[in-house]
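*Asks:* Before I ask anything, here is the structure I am working with.
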């Protein structure tokens, strides 16, 4: 029999009608001579009632046999409940069962199918198809679908063209490691799964498409954390003939539309803008969380003449003030903060507390000569805790930025109802890599340098600035973009600055450089992390909660056991031989 409707959509207006529902048994219980069954489908729960006194004997027998997660088909009449359950959308009604069929049975599940499940992450991922039955998870994916639907409608209305770009591409250096795919036809050669459609979308601008978008899978072989996965989805945009402000305006409109449609939130436009340098110096992060204060303060000049070499001789001394919470931090808890700080390169963590109107702590005795000025500069008050880092400016910023976020979480200082968007602009073009011993692209090698700094491509690379912009939400990088290079000579200079010889530049990017001989228009774009955006909209702290079949922190899938070994015959066809390190 055809299903009449979803169980979770039955309401008082359906009283007196006969309907057929299909779904899973969430719970069955016997009470007062009646059999109550909670039927669950993707839209919610509906209570079914079997009365042995007037129900068919076969129906009663079937009802008695039901266990959790059995799949059933039920037909009956909608009736008003004697006692309504205000906690359920269907709580005013119940279904008097007239016919009941078991469509499939189920073993006892490894965890209960309900929100707030107590199961390890590995167990949830091993039985992901069960985990996804939970109402909370279903809601996450309804939200995700609504977000993508809204994005497509918005961009379609602005005459963007949805174009699919290749999944099998050329491996190019820079950025994260590629996932490689061996070619059977051209043995010894490899495709790469795209880290982004960067070059192909630029080529679409050269083709005259003018406005492109794609909701696209991307792949990066990098270390994983809560907001990263080896395969992820981004909303990819590229435009011709627009400046950075126009691209940002389009992006803000898109985000405002999504926020209104999915959360009912009206965001204020335009979004605030903050330079990269201000973000690093004041927040210790290029993706600052502006929902709380506790800004970094520079004390380098103030402490340069005190009798404490650790401060006086350090390239930079910076501090944060934890207002009104010194009593919550014992020496033991500060030692934990010190260990945390060392993860970011700091040699240690100095601290003082304001207690009974005076500074107290291990370094307080070295600060007596500047105590009044220090107290005034930092606005230190009773029961404040001050944390100092003395090191290079980079380490001081990074360490205190991480401490700022950690302490805000510990003290519950963050208003999780806020959505604070901002643009981080005026980026450096390059960043120094200690591992590589050279400058690397802060974004990618195709970013346009500012006109007034491009001359430094043959000089001091630290002075080259990029026409680049990142969009940040609540301390997460939501996406980033830039204007792109469209002049061949400038692109060649950029690649040379990154250490490419002319030969290697053409070997890797010859097709792009050749395209620049054929009227490449000015262009720019942006990519937004869809998984991360939906994660934040859903109020989650791990993107696995909004990806249907994610990988764990070892880039493995406990359900399918991917990645897995393959047969020798498959390797032979690819002319590959695998030697494991432990063999």
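Every residue gets a Cβ built from N, Cα and C, even glycine.
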*Asks:* Write down the single range among 194-197, 198-201, 202-205, 206-209 that appears in Swiss-Prot as region 'Aspartate'.
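*Replies:* Checked against Swiss-Prot: region 'Aspartate' maps to 198-201.
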*Asks:* Please identify which of 229, 487 is recorded by Swiss-Prot as part of the ATP site containing 220, 221, 222, 477, 529, 530, 531, 532.
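*Replies:* Looking through 229, 487, the residue Swiss-Prot assigns to the ATP site is 229.
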*Asks:* In which DSSP state, out of helix, strand and coil, do we find residue 530 (ATP binding site)?
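*Replies:* Note: residue 530 (ATP binding site) is helical by DSSP.
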*Asks:* If you skip the near sequence neighbours and keep only those at least six away, which residues in the chain come within under 8 angstroms of residue 532 (ATP binding site), Cβ to Cβ?
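*Replies:* Expected: 227, 476, 477, 478, 543.
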*Asks:* Using a Cβ cut-off of under 8 Å, list the residues of the same chain at least 6 residues beyond the region 'Aspartate' (198-201) that approach it.
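*Replies:* 163, 165-166, 169, 172, 212, 214, 236, 238, 444, 446, 509, 512, 525.
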*Asks:* Consider each pair of residues in 220, 221, 222, 229, 477, 529, 530, 531, 532, all listed by the record as binding ATP, and report the largest Cα separation in Å as a whole number.
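*Replies:* Greatest Cα separation within the listed binding residues comes to 19 Å.
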*Asks:* Within 10 Å of the Cβ of residue 530 (ATP binding site), how many other Cβ atoms are there?
*Replies:* 24
